[in-house]
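Enquirer: My structure is below; once you've seen it, I'll send some questions.
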Amino acid sequence: MAIFCHTLSSLSLKKLINPSKPTSTFTYINLHIRFQAMNSISDSSSSSSSSKVMCQLVPGLDTNEKEYILDQTFERYTSKMVKRNGKGAAIVWFRNDLRVLDNEVLFKAWVNSECVLPVYCVDPRVFQASTCYFGFPKTGGLRGQFILECLVDLKKNLMKRGLNLLIRHGKPEEIIPALAKDFASHTVYAQKETCSEEVNVEKLVSKALRRVHLPHSTGRSTSQGSANSPTLQLVWGGTMYHLDDLPFSTNSIPDVYTQFRKSVEAKCSIRSCAKISMSLGPAPRVEDWGCVPSIEQLGLQPQEAGFMFYLHVSKGMRFLGGETAALSRDFLKIYKETRNGMLGPDYSTKFSPWLASGSLSPRFIYEEVKRYEKGRLANDSTYWVLFELIWRDYFRFISFKYGNSIFHIGGPRNVERRWSQDQRLFDSWRNGCTGYPLIDANMKELSATGFMSNRGRQIVCSFLVRDMGIDWRMGAEWFETFLLDYDPCSNYGNWTYGAGVGNDPREDRYFSIPKQAQTYDPEGEYVAYWLPQLQELPKEKRNFPGKLYMEQIVPLKFGNPNGHRGQDRASAARKTNYGGRGRKTKGY
């Protein structure tokens, strides 16, 4: 499914960038630099017998293949029957929904207007701020690069359909109202977010829009509110099940996932994807649409976040941002068998980075799963893909019930526990120097690629909070910096769950490192890859090297790593992403 970087370098630069279509300066420079880097990597690899390839792309298709899949998918998910019935201009404020297909925000704006202005605000509070409690970068270089690639791709896909993407630097509550005034836009459409930082920005934008006075001939109907001020219309998106279709109120959502899942599976239906028109124009007249910034212009240094490192690995993964890449990733057939894997590009679907950025919608995945089952077969793998999407929905919905408490140290149940913030212990964990190969390998993969396996996230969380006794929020904020698929709902839900302070009162999670190593890395292939000093050891010694590796920073709470014995009381039910977002005052 994946191809190596040196294969891509054999393509001409002309195939990477279509000169017949407008492109931003960043697109050309970024791809040109990456092209040169891949060439140099390929050259060096051909002269070295010890390193045949240098990195693996996810998805592993060349540009022409991805564009072909994109065009085919757009044909299936667009409609010639969609008619416009609105007047005037509308603004689409892109946030965490960086896609064209099944974008309810874009659909509603197009239908209810004569002209759509797509906008993305490069908000310094997202890219240049620090996490709340422990001061890590809120957005690290790896995720920053991924988001920029998503924007380049979104701009390209909008332009192919008669629009463009206006890039502005600053706070949305300052940019959006000014644009609404300049373009006499009667409505600003945006995806409804659920965490308080984003909700606060929504409130500020809405308040600022009420101070904008428009002429009466802006195309607003009388049902759209005040006749002379634009309005902010927030549209629910980002989940497979719609909020309005749940069989219970948000205050009554079950505290146990299984009860939630069984209820929605039995009583809810999943809405169809919003099928847009193939042509979305006309675009408004804009003198300067702006360019997607470079990673350096955001104030982020990619090499500090492992950028140079993942160009020098053979089994590390290089995720490509954007809807085009997302639609090219297809791995349904053997998902159940590979979802707990740890090494290489071919385990699990790896949809999560694109889901987090909104390059892919859960409803689209659902429809593609059903299309796959109809055309081929239904199997355990297709069900487990949907199972994980329901988990993702659950964490987003459960946040409504518990509000800010999900960000507090005691979690939704206000659990009182003495947590340590020992900096030496935490540094050993985040730097992959704990003395436990399975922990260290996972943490080094995270810092190098921005990704960690589903299984690995559970293991390193358990070690940090159970064996080290470290404040779980430190781990949550560290993941916030590095994860490509960081999303506060899933990630804070998972960290509170793993720390035993989540909404499920039955939860008591401990992952025994010896047992996990024996089960998921029995020959030590994973740890030997990320910790090269272990490669010369016998396979059975790699996860249990004793004094042949560094000294263990703390003893395990349960289990003897040298005796290959362990106690594992972890529930197998929770198997999705971990990550966190440190905030003093939060609410979903």
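Heads up, the Cβ atoms here are built off N, Cα and C, so glycines get one too.
According to TrEMBL, the feature domain 'Photolyase/cryptochrome alpha/beta' maps to 88-222. According to TrEMBL, the FAD binding site annotation covers TYR335, 348-352, 388-395, 485-487. According to TrEMBL, the site 'Electron transfer via tryptophanyl radical' annotation covers TRP419, TRP472, TRP495. For 559-588, the entry in TrEMBL reads region 'Disordered'.
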Enquirer: Would you mind checking how many other C-beta atoms are within 10 angstroms of the C-beta on TYR394 (FAD binding site)?
Expert: 24
Enquirer: Using TRP391 (FAD binding site) as the reference point, find which of the recorded sites TRP419, TRP472, TRP495 has the shortest Cα-to-Cα distance to it.
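Expert: Its closest listed neighbour, by Cα, is TRP495.
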Enquirer: Across the domain 'Photolyase/cryptochrome alpha/beta' (88-222), what is the average pLDDT of the model, as a whole number?
Expert: 94
Enquirer: Out of TRP419, TRP472, TRP495, which of these recorded sites is nearest TYR394 (FAD binding site) by C-alpha distance?
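Expert: Considering only the listed recorded sites, the nearest one is TRP495.
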Enquirer: Select one residue from TRP391, TRP419: among these recorded positions, choose the one with the most other Cβ atoms within 10 Å of its Cβ.
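Expert: The residue with the densest Cβ neighbourhood is TRP391.
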Enquirer: By a simple count of other Cβ atoms within 10 Å, which of TRP472, TYR486, TRP495, the recorded positions in the record, is least packed?
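Expert: TRP472, out of the recorded positions TRP472, TYR486, TRP495, has the fewest neighbouring Cβ atoms within 10 Å.
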Enquirer: With DSSP, how much of the domain 'Photolyase/cryptochrome alpha/beta' (88-222) is helix, how much strand and how much coil, in residues?
Expert: 57 helix, 27 strand, 51 coil
Enquirer: Looking at the recorded positions LYS350, TRP419, TRP472, TYR486, which has the shortest Cα distance to TRP495 (site 'Electron transfer via tryptophanyl radical')?
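Expert: Of the recorded positions LYS350, TRP419, TRP472, TYR486, TRP472 has its Cα closest to that of TRP495 (site 'Electron transfer via tryptophanyl radical').
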Enquirer: Looking at the binding-site residues LYS350, GLU388, TYR486, which has the shortest Cα distance to TRP419 (site 'Electron transfer via tryptophanyl radical')?
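Expert: Looking at Cα distances from TRP419 (site 'Electron transfer via tryptophanyl radical'), the smallest one goes to TYR486.
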Enquirer: List the Cα distance (Å, whole number) between GLU388 (FAD binding site) and TRP472 (site 'Electron transfer via tryptophanyl radical').
Expert: 23
Enquirer: Rounded to an integer, what is the Cα-Cα distance in Å between TYR486 (FAD binding site) and TRP472 (site 'Electron transfer via tryptophanyl radical')?
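Expert: Cα-Cα distance, TYR486 (FAD binding site) to TRP472 (site 'Electron transfer via tryptophanyl radical'): 16 Å.
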